[in-house]
Structure formats: C-alpha cells, structure tokens
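Participant: Take a look at this one; I'll ask things after.
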Amino acid sequence: MAASGGEGSRDVRAPGPPPQQPGARPAVRFRDEAFLNFTSMHGVQPIIARIRELSQQQLDVTQVPRLQWFRDVAALEVPTGLPLREFPFAAYLITGNAGSGKSTCVQTLNEVLDCVVTGATRIAAQNMYVKLSGAFLSRPINTIFHEFGFRGNHVQAQLGQHPYTLASSPASLEDLQRRDLTYYWEVILDITKRALAAHGGEDARNEFHALTALEQTLGLGQGALTRLASVTHGALPAFTRSNIIVIDEAGLLGRHLLTTVVYCWWMINALYHTPQYAGRLRPVLVCVGSPTQTASLESTFEHQKLRCSVRQSENVLTYLICNRTLREYTRLSHSWAIFINNKRCVEHEFGNLMKVLEYGLPITEEHMQFVDRFVVPESYITNPANLPGWTRLFSSHKEVSAYMAKLHAYLKVTREGEFVVFTLPVLTFVSVKEFDEYRRLTQQPTLTMEKWITANASRITNYSQSQDQDAGHVRCEVHSKQQLVVARNDITYVLNSQVAVTARLRKMVFGFDGTFRTFEAVLRDDSFVKTQGETSVEFAYRFLSRLMFGGLIHFYNFLQRPGLDATQRTLAYGRLGELTAELLSLRRDAAGASATRAADTSDRSPGERAFNFKHLGPRDGGPDDFPDDDLDVIFAGLDEQQLDVFYCHYALEEPETTAAVHAQFGLLKRAFLGRYLILRELFGEVFESAPFSTYVDNVIFRGCELLTGSPRGGLMSVALQTDNYTLMGYTYTRVFAFAEELRRRHATAGVAEFLEESPLPYIVLRDQHGFMSVVNTNISEFVESIDSTELAMAINADYGISSKLAMTITRSQGLSLDKVAICFTPGNLRLNSAYVAMSRTTSSEFLHMNLNPLRERHERDDVISEHILSALRDPNVVIVY
C-alpha cells in the first residue's frame, strides 16, 4: 500500500516496467489518491471506471426536472393528478455470495470517488462505517432513509392506499416511476411539503450561488469553493455533495424506494441549484447486496384485529435485474459486477455449496450428504446445557423468546458463577388523551390499555429484537398529573453475556477491564484515539492519561502476587524505581536533595508537584512507638523498593493547553510502556495475561450492580450496533449529560420529570477492546397513523440491547459468527433463508442444524437465479474473484 501526494508533491519515481512499446494497449492508471487492495485491483478498476463514466454523463436540457414540477406535486392531495414524468438516473449493481468482499469494495469506491455512502438499515450503515473508518477517519454513515428525508412519523404510514394500474406491458420507465410514487404517496407528499416549506418559496436557495459569486470575485477556478459547500454549510443535505449514492444491503429495500431516492435527489438538487444540477448530471445509484440472500418485507397493522401482518415484496436488486424496462434503461449488463468466492469461510466444499445456493445451480446427492454431517436433534440445540458459547439462530422472534426463557431458567437452577440472571424494569408511557382519540377513530370504545400495549409491543420500541426478550407481565399505573399511563415490565438479562446495542446510543466510557497485554495494545496502535477522538483528540488523550495514572499502581500490585520468583521480584522493584527516577528527573543524592527539590518545585510543571514528607511532625501526647500519621500506617509494611514513588512526586492535574495535554499523555505513556517492558522481560506470559483494570474513579461491583462516586472524567462517545459488547451489570449513578439530554428532548411529555423522580438504571457494557461504559437509556417515540391523523401514542424507555446468545436468521444478516446452531421451521422453509443462516459461520466445523434444508420441501427463487447465471455468461458483466 502506498499513497503519493497531489500536484505539489515531490516527484519520486519507483522502479517500474520497461517503457511501453508503440501500438501496445495503454495501461489503466489510477489517480494518486487511490488506496487499493492490490490482490483484487484488476477486478475493481473497471468498476470504478464505469461508475465514474456514468456520473459524468450530461443530460439534455429538456430531461432535467424543474423545481416548479415539485411545487406542483406538493399542491396535490391525491396522486391521481401526477403527470407522467421521467426522473433520469443510472444504476450499477455490485452483487455476490456471502462474504465475497462486496462491502469491502465500497471502501475503495469511497476513497477514489466522491460519493454518498449509505446503508439500507442502521446495522448495514454502521457496519459500513466500521469498514471505512478502519483505515481512515470517516464521516458518520447514515441509512438511505435518513438521506432522502424519511422521518419518524413516516414509520406508521399506510402504503399502497391508492391503487394503480400500469398502462402497458412492458411498462415505460415513466409509468413505473409514477406507480412507485403513488404507492409511497403519503411519505413522498410529506417529504416534498417539508422541503419546500423550509425553502421559503424562493427560486433557489443561495448557498451555492454565494460560493459561485465568491469564486468569480476572487478569480478562482470553477468549483474551487462550491466543492467545499458541505464544510462551509454543515447542514446541507448529503445529496447536494455528490451524484453517486452507494446503498449497502440494497436487497432489503422495497422496489418503490428506488424511485423515491431518485425523486428526492432531483428535488433536493433543484431546490439548492447545485453545480451538479446546473451541470445536468444525473444520480448514479450503486446498489450493493445479494438478491438471493435478502428479501424486502413490509408490515401492515390491522387496527380492528390488533394484528400485524408481514408480507414479502419485490426488492430493489430483483427489480433492477428482472424488470425488462429497467434492465434495458440502465444497460445492466454493462453496469454489473459479480463477486465470487466466500472469504468468510474458505473451506473448498463449503464454498462450493454456497455457490450452488447463491446461483441456483442443481442440488446433487453429494451436496445433500455434505449438509447431512451438520444435522443434530433439535432437542440437542434447544437444550441450554449443550453448546455453550454458540449462537442459536431461529426463524421467528417467538422461538428466540422461548429459548431465552428456557436459558434463563437453566441458569437460575445451575447458578453458574460467571453467568448470573437479573431483571431490569422497562417503562412505556402512554398518553391518555391520545389513547382515547385512538379508540374513537378505530371505533373500539371497550379497548383496554393492557390489550393495546400487548398487541403493539413490537411496534412501540424502535428495534424488532425487543420481541426476543424474556419479559414478564405488564403492570399499568395511572398518573393523573401527567395524564399518562405507565406500563412497567421486567426484562431478564444474563451477566457477562454477549449483547449488541440496537440503536446509536450515547455512552460514557469510564474505565478499562482486561489484561496488561490488551491495554498495552490500545496504547501502541492508538486505536482508541482513532475511533473515539474524532471530534477532539485532546479529550481522548486526557481520558487515557487518567486511566494510565490510575493503572500504574497495578504493576506493583502484580509483584505482590504469591509464587513469583523472589530474585526476579527484587530486580523488578529496582528497575521500576530507576525508571520512575529517570522519567521524573529525581535526584537521589542526599547532599543536594534540598537544592534539587527547590529547583524541581520551581521548574516542574503543575502536574508534577512533589509531596514533602518532612513537614509531618510527631503528634502531641502520642506514644513513641505509635505511628505519627495515617500515611505511616499505610507505608509501615512496605520497604523503600515496594513503594511506588511515582505517586509521591506526580499529581495528575487538568492541563489547560493542547501542548500540556500531549506532554502529560506522553509522560504517562512512557511510564506505562516502560513498566510493561520491564515486567514482560522478567515474567513473560504470566504478567501479560494478568488481569488489569483501571477507572476514572473508585469502582465497586456488588453482584450485578456497579457502585461509583461519579463517572466524571470519563469520555462521551457513541455505542455502535457493529461493536461487540459484554453485559457487565447496571448502575444507578447519574450521568449529567444523559439527564440533560432527557430533559431537552422529553420535558413537554412529562417523561423527563417521571424518570428523574423514579430513574431507570443505566446498563454497564464492556466493548471488544476492554473499555467499560455506562450507556444512556434508549428512548423511542411511537406515533400511530390512522388515515390522515397522527397520534403521539407512547414513549418507551428501555436499554436498547439484544442478546447474541440467540437471534432470528433475519437479524444475523451481514454478521460473521464463530459457532452457529440453527433451528429451521420445517413447514415454511425458504432456501434463501437457509443460505443466509449457513453462510454466517466462519468454519463449518462449528455448524449445527436441526434438519437438512436441501432434503426438506422448500421454496426456491429460480427466476432471479436464471438471471444471475445468464449474467455470469455475459462477457460485459465484470466478474471479481
């Protein structure tokens, strides 16, 4: 890997191939800023070249949608008046089997091209963020819904209320787009009205006009300032920045969202009159995913029956591949790349099986026999005593919840020391006024609050995994003062179990719990500073300085362990003392001690103030043999070598300047790494694997509860769904920043007042690196839509976590799991679901399932498979191995 500078960089030429011969084919070259995985560069080059070509093609003036057309749309009440109108776009597909490198390819696209990277879901977006920020700092990655203007009140919108019939077969592009806009009309109309209302009725917003005028005034080249518009105007929509939109896991989106993204891109760019709009450029949608793995699901809630029905719909990838009109319009064979080979599990036989399922190839007896080796009785998988540490995958939330209840009952009986079962309360605040209005609109005057809450439990929370939890019975309390009904439920959790957060939650990182080796690794590669210190590196350095200062004593604590070699221990004490004296420039000669101490006091920075023990005189009236001071009691049992004099000569204070922050961090880092090297050399693996924990304040674990004075001094960050967490317990310690956010967001609803009087605990999580965090309460608002009326029905307060011990197959999409046990439902078996479940594993050695899906009666989407096989034979389609 190498990167060369821009035009002003020094011309340093590396030895290369001989000069090109006349008539030879010119070599394909990349710009200097490209960072590529050279093992797949040959396949990635044509992908980037084609996407760049599509993004630079100019439209005819008559093809560009005008701003007035969107104003006309906002004036409509029903979509029957929508005229036929083409919204030009281009598309590029990146598909392939599970773990083949599709998402990794996006990292190259992001570095080489200026594009807007998004995900179909929050998990997909955050997974992409992890990949992009792994090598470079990356701006946060949002969902495609966030980028085109989707809001919380759109979640419950009733789709497909206005029937639409295509005018011809095959339908024209304009007809297909009008059908999609009609289907999504409630959301489209609201987004359009909001955008134009914020616009204020002007011909165009002036952000880009002002920058263009400034370019002309200063004599700068075209685009010199307008390309920096997202920096000078931070609130600009992302669609104004680029016409290349990358959507990861696009197979999870319904087909109508293809037109929605194109429509919103044109509306936003017409509204701001961006340079790309003035240049007549069209949006290019780069759709990443696997059409045979994923499916688009849509849910409809029937209010009279209080029942949620879920149906499968055509997804974006299948829509582009199978629809003749779109296939020809996008020239799909010239805009399609297929990634082959599973890089998640590299076993040859297993990889062949994945290709058979991905591409719809014939299933032979050999394939069935290969899968037979993974089959075990279902009772073996569902018995919590078996397969400890394995992740169970089920077809439905109901099965997951049943297994979790069985697991918790098993742990309560066995009382295994590490895994302790405990419960935490979850609260739902229902507005009495809105509930009465709901009963009136749905003509259900006898509907009870308990029945409504039970029926809507999966809709009230902001994540579907809430249905997987082992919950108790709902208890309702009426609070007349706030006009609220508070529904309380108890959720069971397992201490020290693996969990995932289900939303972007704020967290306060307050300590570290791991080993000496893991903390040293954090300091060595600056991984913590890189991921947590994006807004201000100084905050991350201050936090790590506090942890290192509190953790230095653990090197001396390690030397107190029984069983260590006495000679090595004595040598360690001596070398640690020498290191401290060298770092703090201590003078050991008694003759010059006074002069040196005076000089040190004047020259030393405020953070290195020495403590003078000489002023401690004897107490009046005390016996001669009694210690004169509390410090004497502490130090009486220690000889001079066992005393960590670092704490006697260095006081941790708040640095006031950036230079002081870096100086403090550098000193403490040298002290920590120096001590680490000394003890590693003397004690090796015994020392490196020894437990190491340090916190910003004193911490006590009492069972599942964490007690601490205050997490003040911790570091504010965000808990991501892509991180791996261990549940370490809970705490009632208040975090000021969390309480302030609660008051700011939910003061009017009375929820903040109630939670301040009867606060919920915060959960304590440890991430995969060992950092301990207090995580904010997950609060979600539920807005019900009935016809054209929106009712702010409820606010839910819980912890926003789901267990990794068991999950649905759908939830596992995109994850890599070490050990997997799958329970399929025989009656309704889809082969693409079996493919998703089996492809999660990183090794077939750790894969079990209750039946062989290849031998059972199953559904298989052969239509999409035929198109994929045809594409594999098409010379215009790019194949990446």
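Quick reminder: no glycine exception, Cβ is built from N, Cα and C everywhere.
Not my notes, these are from Swiss-Prot:
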{"type": "REGION", "residues": "1-26", "note": "region 'Disordered'"}
{"type": "BINDING", "residues": "Gly96, Asn97, Ala98, Gly99, Ser100, Gly101, Lys102, Ser103", "note": "ATP binding site"}
Participant: Secondary structure at Gly96 (ATP binding site) (DSSP, helix/strand/coil)?
Facilitator: strand
Participant: Count the other Cβ atoms sitting within 10 Å of the Cβ of Lys102 (ATP binding site), across every protein chain shown.
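Facilitator: There are 21 of them.
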Participant: What is the total of other Cβ atoms whose distance to the Cβ of Gly101 (ATP binding site) is within 10 Å?
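Facilitator: Other Cβ atoms within 10 Å of Gly101 (ATP binding site): 23.
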Participant: Within 10 Å of the Cβ of Ser100 (ATP binding site), how many other Cβ atoms are there?
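Facilitator: Other Cβ atoms found within 10 Å: 25.
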Participant: Which number gives the other C-beta atoms within 10 angstroms of the C-beta of Gly96 (ATP binding site), all protein chains shown included?
Facilitator: 24
Participant: To see if you understand the setup: which same-chain residues, six or more apart in sequence, place their Cβ under 8 Å from that of Ser103 (ATP binding site)?
Facilitator: Asn127, Met128, Lys131, Asp248, Val288
Participant: Using DSSP with the three-state reduction, classify Gly101 (ATP binding site) as helix, strand or coil.
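Facilitator: In the DSSP reduction, Gly101 (ATP binding site) maps to coil.
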Participant: Measure from the Cβ of Asn97 (ATP binding site) and count the other Cβ atoms within 10 Å, all protein chains considered.
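Facilitator: Here the count is 24.
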